[in-house]
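Features of the protein shown, as given by Swiss-Prot:
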type	residues	note
COILED	20-104	coiled coil
COILED	142-200	coiled coil
COILED	242-426	coiled coil
REGION	1-22	region 'Disordered'
REGION	1-113	region 'Regulates microtubule-binding'
REGION	114-257	region 'Microtubule-binding'
């Protein structure tokens, strides 16, 4: 039943409906009027209930959205915590790798020490062999001196025995001996010339073949090394530049998303204020509901965009960490290569100085030996000529002396030829080593003018052009 009407105060003007007051209406008109009022009341109640339901829905949706926001914040904190843990684990792994690198460097240092010790031992062995060879040469010189002394004694005895012969045979013997000496000299000169030409041709052929093989191999290795180094440097440079640009763009997008999120938070506050105002006016509430629905759609869209952006940011951070790790590894490798280059440069400089000293000393010794032998040979030839000119020899004794003289001359010529070849080979190896070292220094970008010494170039006999250090090592 409808609620009872309150009694109107006295003197109140009666209600007018359709131009008639309620007192003037009939019963049927009053009933119709009451029915209309009841229908209007029902409509107003239905509208009130509808707006209350809409208000409850909006409030519920706001609560759900707030809970989702809190859950997302919790998830974001968890993700940040996980990222911190991953970063800590990554730092631990980096320390482990650094320790491994230290161990590898220590092993490399030990290996270099062993190689250095082996090189010292091999150098000592070579020095011992050189000393033994020098001792053998001194023994040969002593035996040769003894033979010459014996020959002098025998010549003196022969001179005493044949001094009593006639003076007429002296002239014939001198002429015959001069003729034989000239024939022997021409014969052995032709033979020596032929042997020199054959040995020179064979040596030049071998040197040329070795030069071609080694130069081809060295050029191929240098080209492959330069190509590989250039490719890997270009590859990592492109990767670093591309990822830096991508990280910068993603950071800018993240800043923009944060601004949008702040804007959406402000809009949510405004929505709460608008919900309070819904109680005042139903029409205003309808308009605000439509506006809120639009804002909600925009919020969902921005929320999905923010989720995708965070995923992209996470992926970019992971890629950036990987690139940082690769960059650190490359920097370590680069520093290691620089250290190796400096060590090789120091060793190379030291080796050049040692080779210069050894080759200079060896050249000096060989030249001194050669000069000594030449002087000795000239003296002996002069003494022998004087003895022969002052004595009268029979043909048998003369043939014996001539045969021994030929043997002595042949051995001396062989010794002189070997010493000359050794001097020329050492000079050539020294000069080619200087050329090869200068080429290597230019290949590594080190100017030759910055060396702390002046390379000593030998002026010895040339035996061909090419990497003669390989010939010397093989010999």
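Cβ atoms here come from the backbone N, Cα and C positions, even for glycine.
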Quiz item: Counting by DSSP, what is the helix, strand and coil composition of the region 'Regulates microtubule-binding' (1-113)?
Solution: 87 helix, 4 strand, 22 coil
Exercise. Calculate the per-residue pLDDT averaged over the coiled coil (142-200) and state the result as an integer.
Key: 74
Practice problem: With DSSP as the reference, give the number of residues of the region 'Microtubule-binding' (114-257) in helix, strand and coil. | Solution: 139 helix, 0 strand, 5 coil
